[in-house]
Amino acid sequence: MFWNLVRYEFKNVNKWYLALYGAVLVISVLIGAFISSLSQSYNPNNAAYFIFFLVLVFGGLSVTLWIATIFLIIRRFKGSVYDRQGYLTLTLPVSEHQIIIAKLLGGLVWSILSYIVFILSILIIFFLTPIEKDFTALYNFISPYLSYGWLYALSLFVSSIAWILSIYLSISIGQLFNEYRTAMGILAYIVISIVIGYITFFLRVDNDFNVMAGTEILRDLFLSAIYYLGTYYILKNKVNLQ
């Protein structure tokens, strides 16, 4: 039954979300083509405007994917656990642990796909832009950081888990109230983020990347456990469905 719950996570959202992925990639192609056409009449005096346009484009793409991913994670958890659909979800022959893990797996997959699509969109624009591409120089620039790639990927993966679970805990706290649940959930997330940010600021131990990444991984694992247990406790003992 658990894997049926996981499959349902993807079956219920894949159409519109995959359409968003496709739209972002198509927009990237259009942007690359547009930049290519602009380069035909490129004026060095307008370099600042050109760079500003590129930054604006990249920022718009990342914000679009970020907002869509957050909306999806919130919608899938809140809608199927604490709203009307929760009556069905909580009567399924699965435990609270399985419900949380199924939601977490779905959220992780969509988050990872968002990262991949964003990287692909940047690469599409880069290769379609008619600028001189010195791949040797580019490799020489990034090669010192390649050895840290696996550590950065692990840190990003663990931080994504902590981030998703913090959203789940915030939603769970919000549903404890009879009114203004969404507002209270947002407030809970803001408070959690401020507290964690404040603590993290004063716990920086070293400027070495390996030490910093290792510390952040341990921190996020610890926070993930707290977020998970808090969500589990509320889901197990304090459910207040509407």
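From the backbone N, Cα and C atoms, a Cβ is placed for every residue, glycine too.
Curation plays no part in TrEMBL annotations; they are all automatic predictions.
According to TrEMBL, the features are:
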type	residues	note
TRANSMEM	16-35	transmembrane segment
TRANSMEM	47-74	transmembrane segment
TRANSMEM	108-129	transmembrane segment
TRANSMEM	149-171	transmembrane segment
TRANSMEM	183-205	transmembrane segment
TRANSMEM	217-235	transmembrane segment
Could you name the stretch, out of 16-35, 108-129, 149-171, 183-205, with the greatest number of CB pairs under 8 A to the transmembrane segment (217-235)?
149-171
By a Cβ-Cβ criterion of under 8 Å, what residues six or more beyond either terminus of the transmembrane segment (183-205) are in contact with it?
78, 166-167, 169-171, 173-177, 211-212, 215, 219, 223
